[in-house]
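Structure record follows, encoded as structure tokens.
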Amino acid sequence: MTAKTQLLKVSDTGIRFGGLKAVAGVNLELKKGELVGLIGPNGAGKTTFFNLLTGVYVPTEGTIELDGEKLNGLQPYKITKKGISRTFQNIRLFDELSVLDNVKVAYHSLVNHSMLSSIFRLPSHFSGEREMEEKAIEFLKIFNLDQYMHEKAKNLPYGQKRRLEIARALAAKPKLLLLDEPAAGMNPQETEELMNLIALIRNKFELSILLIEHDMLLVMGVCERIYVLDHGQLIAEGNPEQIRNNPKVIEAYLGEEVS
Amino acid sequence: MAVNIFKNARGFWTSIVLAVIFGVIMQFLITGGTLNAFYVNTLFFIGINIILAVSLHLIIGITGQFSIGHAGFLAVGAYASAIITMKLQLPFWLGIMTGGVAAAIAGLIIGIPTLRLKGDYLAIATLGFGEIVRIVFLNMDYVGGASGMTVSHLTTWPWLFGCVLLTILVIVNFTNSTYGRACISIRENEIAADAMGINTTYYKVTAFVIGSFFAGIAGALYAHNFYIIQPTNFGFLKSFDILIFVVLGGLGSMSGAMIAAIFLTIISTFLQSYPEVRMVIYSLVLIIMMIYRPQGLLGTREITSFLKAGKSAKGGVNSDSKNTVA
Amino acid sequence: MEIIQQLVNGVSLGSIYALIALGYTMVYGIVKLINFAHGDVFMVGAFIGFYSITVFDLGFFPALLISMTACAVLGVLIERIAYKPLRNATRIAALITAIGVSLFIEYGTIFVRGAQPEAYPGNIIPAKSIEILGVKISTQSLLILGTSLFLMVLLQFIVHKTKIGKAMRAVSHDMDAARLMGINVNNTISATFAIGSALAGAAGVIFGVYYTKIEPLMGIIPGLKAFVAAVLGGIGIIPGAMAGGLLLGVIESLVSAAGFSLWRDGVAFVVLILILIFRPAGLFGKNIREKV
């Protein structure tokens with residue numbers, strides 16, 4: 001690892017729902033260009049942690065900083081504009097919109113033409129929309145989704161839906177991409193394709209990725225560093241080799257398969 | 001999904017020219033006496049109902065915000081415009097503008113707090129708002145209270161047609177732009193829209209305000225099409241009448257809402273002397289429709305997509321099992 | 001003393017709201033549907049009570065029982081015919097159906113018997129009044145309060161102490177899990193509709209006795225207000241509906257007492273919007289967020 005600058009800094013962050021501490025005292029750092037895994041048994045608080053990062057929940061303790069800017073308390077859409085974008089464990093696409101339009105929605109915050117220019121169909125509307133469309137099509141080509149461009153998102157096969165969700169998240173031009181179990185429900189071949197895709201994304205878009213995954217093979221294979229969450233607290237951090245041999249991790253996963 | 005005729009500048013202008021030609025022909029038919037008073041009257045009702053249907057379609061069909069107090073905005077527009085023309089003796093065009101703007105302001109005031117609510121709660125809150133508006137006018141002596149307010153007949157075909165055209169143009173253009181897509185993304189999955197950088201509150205309120213504005217314009221035309229307006233004209237049943245256009249036509253389909261508005265207006269003029277029969281039929285149609293074809297006549301599709309049969313056949317394997325009200 | 005007099009009126013009115021609100025809250029708790037037709041079941045209950053008293057010459061309690069039974073059947077029919085096919089449909093579709101059923105009952109009633117109002121005979125309950133500490137309380141008010149309270153206690157008993165009550169609580173908590181545990185979900189939902197509708201029927205008869213005038217569209221406003229009461233108390237929470245109903249009745253009476261009787265109908269909706277904005281889970285509810 002060459003020395004890189006820091007991107008995300010999470011300090012002592014947590015949230016309690018009533019009396020229940022769902023996540024507590026998490027310290028986590030991500031450097032630019034890093035691909036980091038976040039693993040843990042079911043109910044460890046991984047998705048809750050993502051929800052804290054993206055503003056769906058507001059942390060009740062600690063601070064979250066991206067590029068030195070504090071994100072606590074910002075609404076989700078503002079955090080997306082600051083540079084964190086995500087996918088969801090249970091895919092959330094815009095089902096009735098076409099594949100192309102799904103990506104265009106992510107470009108929305110980057111448009112220049114005003115609402116009035118669209119309503120009165122001024123020239124800036126046409127040029128703005130055309131530019132958006134060209135960009136989106138080019139983007140879909142990278143993901144081999146351009147063939148489904150005009151298909152409604154809900155009609156895509158499962159694997160392609162996951163792919164589209166990642167594409168859409170990337171279209172929002174994030175500095176940090178959060179992937180929530182991207183391989184869930186995929187067969188081994190699809191998982192392998194996905195691993196290649198994630199590697200490609202990171203090189204091509206020069207961003208950092210934080211990955212929640214159950215598939216150990218995938219996490220151990222692509223991640224440089226791994227954090228392990230259990231009962232809402234970090235219990236280990238290290239490279240795949242260290243994590244594999246960490247007794248605490250083995251204990252947390254006891255009964256579950258650690259490959 | 002979208003009405004594609006306005007996709008490029010030429011299609012846009014052709015549609016406008018065709019519409020204007022239609023309007024002029026109708027004007028000749030009306031002034032020439034080819035259409036008798038009954039037909040003209042029905043035509044005016046159709047026009048007003050189209051504006052109402054299309055404006056509510058933007059809120060429910062496009063943005064997915066289930067508002068059932070649309071008659072409240074109709075009432076605000078009707079009373080505001082009537083105050084301008086009758087109390088202040090100002091010209092009709094100013095009355096129409098004021099009606100729209102007053103309703104838009106009402107939409108803004110009611111939309112900001114209530115649009116944070118979801119589904120059922122929003123429905124009930126908007127319904128409550130509609131009732132409050134009615135009760136306010138009922139208690140305002142300035143506008144005649146329960147006995148209502150007399151209004152001159154000023155709504156003419158050019159005004160009506162112009163407003164219908166403007167409503168359709170603005171809402172179609174809004175829908176088929178990045179702003180409309182932002183609204184649709186909220187309807188489809190609000191959490192994902194938020195995660196994609198869409199300011200969901202802003203766009204929900206925007207759609208609500210635009211919808212209210214046109215409902216207010218419809219109110220101005222409605223008020224000046226009668227000789228009297230009373231709070232009872234704007235009760236829950238009126239909201240329901242508008243709602244049924246949008247639902248029957250297909251949530252998300254503007255042409256569907258328009259067709260339903262035209263069709264149901266014609267039916268109700270024939271059933272005018274039997275209001276309870278009309279309501280029994282309406283309610284049965286609604287129940288049966290929801291059980292057997294909950295997506296409405298056209299679903300989210302537009303009538304134009306049926307004209308381009310070849311293209312729509314390709315995406316026609318839609319299993320219309322829509323369980324996505326987040 | 002005037003204030004206390006108004007409070008008594010408010011509590012009487014509120015107990016009617018509470019009885020209707022219970023049905024809303026139970027149904028919402030179990031199938032997450034605002035049963036718009038509930039206010040119309042209340043209206044049907046009032047009419048059945050009226051005909052039982054005038055045509056069959058029955059007293060208050062027999063009429064009450066007949067009305068409750070008939071409304072229970074009506075409630076189950078509505079559920080089986082209109083709502084059951086939509087159990088997996090979108091919320092909007094279910095809501096629209098409920099509005100459709102409501103209109104169907106209202107205008108079906110007008111179609112069958114006309115829109116003219118009826119008046120409950122005044123001699124069903126001896127009109128005496130008792131003076132307690134300078135406040136006149138009519139026997140009518142006492143009977144209404146007594147009946148309502150009895151029904152609410154009975155409901156609490158059913159929900160907490162009987163098998164069907166346990167099933168109802170299980171289904172409202174998690175329908176699929178309840179089904180896996182061998183609970184007959186369909187019957188449980190029907191039972192919920194039956195109980196809720198019976199309470200609405202009782203409220204109809206009580207309303208008729210207290211306010212005399214009944215007509216086919218009488219269910220709309222009390223129905224909406226009872227819904228407000230249910231939201232006020234926290235929808236899905238049975239004690240919340242009772243408290244919400246009583247509170248709303250008292251608020252309305254106080255507004256009338258303050259000289260704003262024309263605004264009385266508006267107050268409920270103002271309360272609704274305020275509660276939705278500031279405490280959408282209701283006074284007794286807990287905030288629940290959508291799972292992401």
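Heads up, the Cβ atoms here are built off N, Cα and C, so glycines get one too.
Bear in mind that the values here come from a model prediction, so they are computed numbers and not experimental data.
Feature list (source: TrEMBL):
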type	residues	note
TRANSMEM	B:12-32	transmembrane segment
TRANSMEM	B:38-60	transmembrane segment
TRANSMEM	B:67-86	transmembrane segment
TRANSMEM	B:92-112	transmembrane segment
TRANSMEM	B:119-137	transmembrane segment
TRANSMEM	B:157-180	transmembrane segment
TRANSMEM	B:201-222	transmembrane segment
TRANSMEM	B:242-267	transmembrane segment
TRANSMEM	B:279-298	transmembrane segment
**Item:** Leading stretch by Cβ pairs under 8 Å, where the reference is the transmembrane segment (B:67-86) and the options are B:157-180, B:201-222, B:242-267
**Value:** B:201-222
**Prompt:** Does the transmembrane segment (B:12-32) reach the transmembrane segment (B:157-180) with at least 3 CB pairs under 8 A, where each pair is 6 or more residues apart?
**Reply:** yes
**Message:** With contact taken as 3 or more Cβ pairs under 8 angstroms (pairs 6 or more apart in sequence), are the transmembrane segment (B:242-267) and the transmembrane segment (B:279-298) in contact?
**Reply:** yes
**Message:** Suppose I define contact as three or more CB-CB distances under 8 A, residues 6 or more apart in sequence; do the transmembrane segment (B:157-180) and the transmembrane segment (B:38-60) meet it?
**Reply:** yes
**Asked** Residues sitting near the transmembrane segment (B:92-112): Cβ under 8 Å, six or more positions beyond its termini, same chain?
**Response** 69, 72-74, 76-78, 80-85, 126, 129, 133, 154, 159, 163, 204-205, 208-217, 219-221, 223-224
